[in-house]
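Trainee: Pasting a structure here, questions to come.
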Amino acid sequence: MPSRKFADGEVVMGRWPGSVLYYEVQVTNYDDVSHLYTVKYKDGTELALKESDIRSQSSFKHRKSQSSSSSPSRRSTSRSRSRSPGRPGKGRRRSSSQSREHRDDKKKVIQETSLDLLKPSENNTRRYNGEPDSTERNDTSRVISEQKLKPDLQIERVIEQYSLRPRKEEKKKEEVYSEKKVFETIKTIEKASSKTKDLEFGGRIGTFTLIFFLPAAVFYLLLMCKQDDPSLMNFPPPLPPLESLWEARVFGVFLLWFFLQALFYLLPVGKVVEGLPLSNGRKLHYRINGFYAFVLTAAVIGTLLYFQFELHYLYDHFMQFAVSAAAFSMVLSIYLYIRSLKAPQEELAPGGNSGYFIYDFFTGHELNPRIGSFDLKYFCELRPGLIGWVVINLAMLLAEMKIHNQSTPSLSMILVNSFQLLYVVDALWNEEAVLTTMDITHDGFGFMLAFGDLVWVPFVYSLQAFYLVGHPTAISWPVAAAITILNCIGYYIFRSANSQKNNFRRNPGDPKLAYLKFIPTATGKGLLVTGWWGFVRHPNYLGDIIMALAWSLPCGFNHILPYFYVIYFICLLVHREARDEHHCKQKYGLAWERYCQRVPYRIFPYIY
């Protein structure tokens, strides 16, 4: 296998595809299989080039200066011009009449040559004042008929050589044709280079499996929580009749909830902000009113409770709501994929454009699907699922009080509800920060996010509250205080780390961030090496895991089921961390390697 010639981060001269022009580029990656270099131009364009299309700056400058100073073509042209009979030599002059006579003779020769090859039109004879007589017409017809027997390529070469059209017009047409060819070549290369090459989640087979495994995992967890002994040894749990899993009324309530949140999303309240630039430089606008939607939802729920609405209806039909949400997410995913087939190339997701149906369906083919100004992905990211999570927790609290005849909820249930309510309110209050996450900037909107936002978040994240309804756990106040402190530590790390990152991305020159040090990159962005991001590479993930542990501890240690969320969260964040590492290495090159040397630990300090 040949060794690579240019290193990552090296500044070289790269040939622009379809042309002979070289521009300054930076090497960002090298593919050992295809032997192609990924290079980044100064305008941010990334292309894959062969090694033969890349030169070092020193050799390129040397060749350029040598060719400009001693070009053989220039010397031969100079010699031919000095000997041209049309140019007067030194010490020798022609009279004006001789010169005019010479030009007329030359024009006549060219005209006669052209008439032998081309059938003159009326416009041509008027333009060049060379109308032939009848004898010349016959000769011309005979020559043209003979020329028809010659190969087309030879005729075109002769016609081009003796063409009477002005050279400026010829040159202009050549330039237009050349630009057109280069443009088409670039479009072809960009279309090919925009294809997703690195497939995640096990590729096509893995994503096909996950489409069935994820709904099955949700139903398994919910069925286990309903058992008297939710031990993992009791597998499989008894399955309910299939007809009991579906009820039209429950599906109608779910649709009502979804469209109520959509109505709140469309309200003209809250500020409108710009997202990060897309690949084509365009910035989408987003209305930040998630917290207002939460307040309005709380008012609606409070009104329902005031009129004696039984909110624990959610607990009694929890499996049916999960099935309704899963069915709706599947229909939504099919719609999203069908509409993505008509989306322009620049609107497709970088991670969901593989060309494989199953993979693109799962990861999301279109980056930001919108119906007018209604952004489907951004809406589902925070509204129906996240706010629904809080409503489900409240329903579980009320169900616990009713089933166990309690006047007040248990301390464990209060802790779970309070911790998770803080998490949701924080996300909605800092809604603008979600615009810089990979879910918005990189991932498409397909089955993965649709199912995750509408099913996994509300029905799996509420697992601890659902578990406590059927398996109450008593904890003492000192234990509750210790768990509360643990959750506050995790929340502080999570929030302060995310705020540092978001503020630095939005405005690196903010005087309030002057104390932060960073490594500059070729993209113009910086990698923080102080603060939380100088402690570990993903401090926000560390805060997430600590909070997840605090949410599970109130459930006690009788069963491992409430800790599924912690195990899942660790696996999810490790996967995300690996994906972030790969993405950042491709994006930042040598700067990311320097950052990794400066910050060696990924999530857990001194461990991982």
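Positions of Cβ are set from backbone N, Cα and C atoms, glycine also.
So TrEMBL has the following annotated:
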COMPBIAS  66-75  compositional bias 'Low complexity'
COMPBIAS  76-95  compositional bias 'Basic residues'
COMPBIAS  99-110  compositional bias 'Basic and acidic residues'
COMPBIAS  124-142  compositional bias 'Basic and acidic residues'
DOMAIN    4-62  domain 'Tudor'
REGION    53-142  region 'Disordered'
TRANSMEM  201-223  transmembrane segment
TRANSMEM  248-267  transmembrane segment
TRANSMEM  288-307  transmembrane segment
TRANSMEM  319-338  transmembrane segment
TRANSMEM  449-469  transmembrane segment
TRANSMEM  475-494  transmembrane segment
TRANSMEM  515-536  transmembrane segment
TRANSMEM  556-575  transmembrane segment
Trainee: Could you count the residues of the domain 'Tudor' (4-62) that DSSP puts in helix, in strand and in coil?
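Mentor: So the domain 'Tudor' (4-62) is made up of 9 helix, 27 strand, 23 coil.
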Trainee: Which residues, given as numbers and ranges, are at least 6 beyond the ends of the transmembrane segment (201-223) yet have a Cβ under 8 Å from it?
Mentor: 236-240, 318-319, 322-323, 326, 356, 358-359, 361-363, 447-448, 451, 455-456, 459-460, 463, 466, 561, 564
Trainee: With a Cβ cut-off under 8 Å, give me the same-chain residues at least six positions beyond the ends of the transmembrane segment (319-338) that come close to it.
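Mentor: Cβ under 8 Å, 6 or more out: 215, 218-219, 222-223, 240, 244-247, 250-251, 253-255, 258, 360-361, 364-366, 369, 376, 445-447, 450-451, 453-455, 458-459.
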Trainee: Most CB pairs under 8 Å with the transmembrane segment (449-469): which of 288-307, 475-494, 515-536, 556-575?
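Mentor: Top-ranked stretch among 288-307, 475-494, 515-536, 556-575: 556-575.
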Trainee: Given a Cβ distance threshold of under 8 angstroms, which distant residues of the chain, six or more beyond its ends, lie next to the transmembrane segment (475-494)?
Mentor: 411-412, 415, 419, 422-423, 426, 532, 539-540, 542-551, 553-554, 556
Trainee: Which sequence positions outside the transmembrane segment (556-575), separated from its termini by at least 6 residues, show Cβ-Cβ distances below 8 Å to it?
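Mentor: Same-chain contacts beyond the flanks: 221, 224-225, 230-232, 412, 460-461, 463-464, 467, 471, 473, 475, 538, 541, 544-545, 548-549, 603.
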